[in-house]
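Participant: Take this structure first; my questions come after.
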Protein chains: 2
Amino acid sequence: MKSTLELARESGFAKLSIEAVAARAGVGKHTIYRRWPSRGMLFLDAVLSADTQGLVHPDTGDVVADLRAVMTRACDLLGRPPWGPLYQDLIGEAQHDPKVAAAHHERFVKPQTADTLARLRAAKDQGQLAPDFDLDVAMELLSGPLYYRLLVTQEPLTHDYIDRVLRAVFNGMSPRST
Amino acid sequence: MKSTLELARESGFAKLSIEAVAARAGVGKHTIYRRWPSRGMLFLDAVLSADTQGLVHPDTGDVVADLRAVMTRACDLLGRPPWGPLYQDLIGEAQHDPKVAAAHHERFVKPQTADTLARLRAAKDQGQLAPDFDLDVAMELLSGPLYYRLLVTQEPLTHDYIDRVLRAVFNGMSPRST
């Protein structure tokens, strides 16, 4: 695992081979294949070995602050080196390897979504969210802009950007009748 | 170009080679390399040869309807076969080929963003948007959720989903004082 990460950081996923990982780890390549069916799956395990403890939402009673805490942590972790470029590569690989896509969804996206929704439901119960807000799109509204920067425009993921996304998502585009 | 698309549809980007495209087109591979420096750039040209005319915003005076028209067209075009999987692959390739990322940004993302912002500015001038809404995150808020589905969860991009995203972005998460 350590060998995979070292090699991936040095040369990126595109040049990562099971052979090179086996050589670096000092084992035969069958040892690697026994545990990971493809280099995509090996890479997924390596990337998910990052410390994702900070991605569990606290409940301080202030939903915006709690979302902000996790979003800034996610952006520090997955939006910049060393993990950022590797995570980008992993999502790239998921586009043509359905097994990598499914495993990424199951092991990372799904638990993150469940945790976010639990925090939002609590906020809704406390009247901090509009009672008719469609929670099923909440995760996509909050995470979509981050992934859009990471994968599409590749502009930097800054804390300021997260503040602006949160303000826009909470206030909405329509004029408010005040 | 036609050969590239045929081959890409048949086997996906991962298996697309300059050699195979040259063979299908009945030309030498140097002919292909003369025009496209890499298979990524060849693929970008092929994908961007899709008819993107419908992605220019009309101005009917109703900003939600106009955004909806372009977003549903984008989802019909890039969110399902034949272009969807190719577009997904292209974004995948952009994650490890900076030239493909830059060209995709310059030739597709940038003009789409400019067109969307022009439509939103007109709406703001007409009082259809909150006067303090941060237009610089508008594109990311509207497009992010679509890319999130396309690239991360790979759930289907439906017209119903677009309606829900638009409703959420316009209304916002905070309770409205009415």
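Keep in mind that glycine also has a Cβ here, set from the backbone N, Cα and C atoms.
According to TrEMBL, the protein has these features:
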DOMAIN    A:1-54  domain 'HTH tetR-type'
DNA_BIND  A:17-36  DNA-binding region
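Are these features on the surface or tucked inside, and what touches them?
Facilitator: In the domain 'HTH tetR-type' (A:1-54), helix, strand and coil residues by DSSP number 40 helix, 0 strand, 14 coil.
Within the same chain, residues 2-4, 6-7, 42, 45 sit at least 6 positions outside the DNA-binding region (A:17-36) and bring their C-beta atoms closer than 8 Å to a C-beta of that stretch.
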